[in-house]
Each structure stands twice: as C-alpha cells, then as structure tokens.
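Below you'll find the structure, written out as structure tokens, and then a few comments.
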Amino acid sequence: MERQKSMEKGLLRKSLSIRERKFPNEDAFLEAGLSRKSPREVKKPQNDDGECRVTASVFLSTFVAVSGSFCTGCGVGFSSGAQAGITKDLSLSVAEYSMFGSILTLGGLIGAVFSGKVADVLGRKRTMLFCEFFCITGWLCVALAQNAMWLDCGRLLLGIGVGLFSYVIPVYIAEIAPKHVRGSFVFANQLMQNCGISLFFIIGNFIPWRLLTVVGLVPCVFHVFCLFFIPESPRWLAKLGRDKECRSSLQRLRGSDVDISREANTIRDTIDMTENGGESKMSELFQRRYAYPLIIGVGLMFLQQLCGSSGVTYYASSLFNKGGFPSAIGTSVIATIMVPKAMLATILVDKMGRRTLLMASCSAMGFSALLLSVSYGFQSFGILPELTPIFTCIGVLGHIVSFAMGMGGLPWIIMAEIFPMNVKVSAGTLVTVTNWLFGWIITYTFNFMLEWNASGMFLIFSMVSASSIVFIYFLVPETKGRSLEEIQALLNNSVQ
C-alpha cells in the first residue's frame, strides 16, 4: 500500500509540474466550465484517490459496448447448437464441419491483425460500427447458404467482426470506466459473451439452424442503433490532441457537476510522457521497457487457448455425445449455469483481484480437463461404463463454467490495462493475434484429436492449466484498484 501511495503521489506531482510549465498563468486546457475564474460553477472535486461515482452515462456506454460481446457469444454458440442440422441438411463431413466451426477463429485472426490500427484510426465507436458490418453480412451469408463454401464465407466474415470486437470492446471500457469498477465493467464483456453462448445453446436445441442465424442478426442491428448514443473514449481523443472533445466526453461520463480537471490533466500528461518518441512501430515493441507487459499479455492469451477452452465451447455437443450424455440436456444445463457464474465473477473481480480469480479459474479448468481425460480413458478400456456419462457431464460443465468465471475474460482486462497508449496499437494487435491464432489451431484440430485420442488430448489441456497457475503466480501483477496511469508507473518500476 505504501509503495502504491508513493507512486500515486509521484505521478500527481509530475503531472502538476508539467501542467505548470505548459500553462504557468492560466488553466488553458481546462476551459468550458472548469476555470477558477467562474465562481458561479462550483463543481464537486474527485476524491484524493481519483475515484468518482459511476454515472448513468458510464453504465449506458458499457452496456452498449458489451452488446457487441453478446453478438460474439451468439457466433461462438452457433456452431454447437447448429451442428446436427447443418451436417444433415448440407451433408457435411467431419472435416467440412470442423472447417466451418474453426473458420470463425481464422476470421478472428484476420480481424485481430488490423484491430489495433483500425481502432486507432477510426476511434473506438466507429470501429464497433465497422465490426457490425462484417457481422451482419456474415450472418446473412450463413442464413442463405446452400453449400459449404457460402457457409464458410459467412462464418469468416463473422469472425473478422468478432476479431475486431475482441480488441476494441475491452479497450473502450477500460478507457471510460473509473478505476475502482474498471475490472467489473470490462469483465461484463465476458458476461455478455456467456449470455450469447447460453442463448444459442438453449434455443439451438429447439429451432432450425437457419432461423438461428436470424436470431443472431437481431443483436447486431440493436448494437448499431445504440452506438450513436454513447461518447467516444476520452483517452483516444486526448491522444489525437482533441483536448476540448476529450474534456466534453470525460465530463459526460463523470457527470456535469464533477470537476474533472485532475483526471483530464493526468490523462493528457501521461500521453505526453509516453508519446515523446512518437507512435511506436511493431519492431519497437520488442524493447526491454516493454518486455514485461508483452510477456504477460502474450503469455495469458497463449495459455488461455492452449487449455482447450475454444474447442470445448465450440463442440460441447460432440463431447456430450461421445461420453453418452444427452447433448440437449448438457448444453441446456451449461447455458443455465454460465451466466450466473459470470455475474458472480463480475462482482468479485474488483474485490478478490485479478490474480486470485485467474488462479482459481485455471485450477478448476485443470481438474475438469483431468476428469474428462479419465472419463474418456475409462470408456476406451471399457472400465466403469456407467460413470462415463456422469464424468463427461461434470467435466464439460466444470471446464466451460470455470473458464467463464476467470480465464475467459480476465486476460482481456489485463491486456487493456498494461500497455501504454503509445504502444497500445501494436501490442494490442500482437496479443489479439496470438489469441486468435492459437484459437484457430485448437478449434480446427479439436474434432480430429477427439476421434484420435480424447483422453490424451484432455490430459494435455490439464497440464497446460497447471502451467498457467505457475505463470500467473510468478509473473502477473495485481492491477485491481489502480488507474491506468498508476499501472504504467508500476510496470516501469518493475522493469527498472
């Protein structure tokens, strides 16, 4: 605590000294109602910790942003609920459906390559609008598909939109939310993904797959409409030097009666300090000063996918069928539990902290994968066949739910927190590409590995989960309760 307080005081002193050098005689940056010259407008100052109340504008902006995450969840859950219908109607082989299911992650990889640059050029709001163009077009292609090619084209376009979403949504929320609730608000990204997955897991058991694509279109259209009513990220505006618009956006987010001068100054000065050398290129990202956050970001995304999360979620129905458990019941149970579990994690993330939830999530995932390994191993040797369906149900359920509670959303929160503004584009792109690249590898090979040796595959996933606990314990810092500027100071001190 003492170290954190000293860093906060040091950052504030540095901010004030820079501000005094730039504007020694007047508050030029703080025009439009924040000047000390206007006695009629007395605004509430933020407290000493820089915390402020969570306004309706922040709630609305976060809800609108994570509506895009709901669209992502619908796309992810579609492949499980529609598998039986699509393979029957279009006569797809295992290889063809594996390509269809995994091509979402391939599209996500393409979107991730350009996600940082697009979000930096267009802004956070317009990037989300850009994402929905791909999502809506993709759903229409799938709905009208008469062969595997059109299915894959639609799924690829949907994946590109989802890949862009995966970067811009957590970054936008992290840049607008007050620090004491930032973790919970960014984790709402994962919560809404789970809502979309749960919805498609449930209704996919009852309605035809073409009608399911129409259901996927509805939240995309709703999201496009709502995006016109939220402000742009003040940090992105400040980065472009649009200080007046930055102030206006920040005032709208914090409330018209709040004096935002301190927060606005800190944002402006932190950007000035990190951008003295200009915008960093991808090659400059591999300098020693960025090594620590880069290892954390890339490492978490790498481990998130290699624990098998995408494969288990995309092909939950296949896992239940292989274990002899009714897939309709299994996916409905998962859908029922996933959302309350993610809601609990949303509450706990700013109380327990990121590290604790990550390690608890990895522990539960490792145990669930080990249970599935034992279950399919017993099945292959004909041992205790009556226990295989029970173990399969518990294992799949535990793996998906524990992933949703921590490892699913927390790496994205940490990614949005640890990189300074001058490298956020290149670093965020690299981290997001890592996630989608290994996600595609897992989802494409999952069905083949399931037929080859299901027990061995889940044993590997269990070992990766155990390795993740070690990685988090020794390398991942706790970012709970710190502003983005304080996190930069912490990571810089760790490198030095």
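From the backbone N, Cα and C atoms, a Cβ is placed for every residue, glycine too.
Note: TrEMBL annotation is automatic and uncurated.
What you see is a predicted model, and the numbers here were worked out from it, not measured in a lab.
Database features (TrEMBL):
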type: TRANSMEM; residues: 54-78; note: transmembrane segment
type: DOMAIN; residues: 61-480; note: domain 'Major facilitator superfamily (MFS) profile'
type: TRANSMEM; residues: 98-116; note: transmembrane segment
type: TRANSMEM; residues: 128-150; note: transmembrane segment
type: TRANSMEM; residues: 156-173; note: transmembrane segment
type: TRANSMEM; residues: 185-203; note: transmembrane segment
type: TRANSMEM; residues: 209-230; note: transmembrane segment
type: TRANSMEM; residues: 290-316; note: transmembrane segment
type: TRANSMEM; residues: 328-349; note: transmembrane segment
type: TRANSMEM; residues: 356-377; note: transmembrane segment
type: TRANSMEM; residues: 389-413; note: transmembrane segment
type: TRANSMEM; residues: 425-446; note: transmembrane segment
type: TRANSMEM; residues: 452-476; note: transmembrane segment
Revision key, fill the gap. Model confidence for the domain 'Major facilitator superfamily (MFS) profile' (61-480), as mean pLDDT, reads 88
Practice item. Kindly say whether the transmembrane segment (328-349) and the transmembrane segment (128-150) touch, using the definition of 3 or more Cβ pairs under 8 Å where each pair is 6 or more positions apart. Key: no
Review point. Which listed stretch (128-150, 209-230, 389-413, 452-476) has the most C-beta pairs under 8 A with the transmembrane segment (54-78)?
Key: 209-230
Point to revise | Contact between the transmembrane segment (356-377) and the transmembrane segment (452-476) (3 or more Cβ pairs under 8 Å, separation 6+) | key: yes
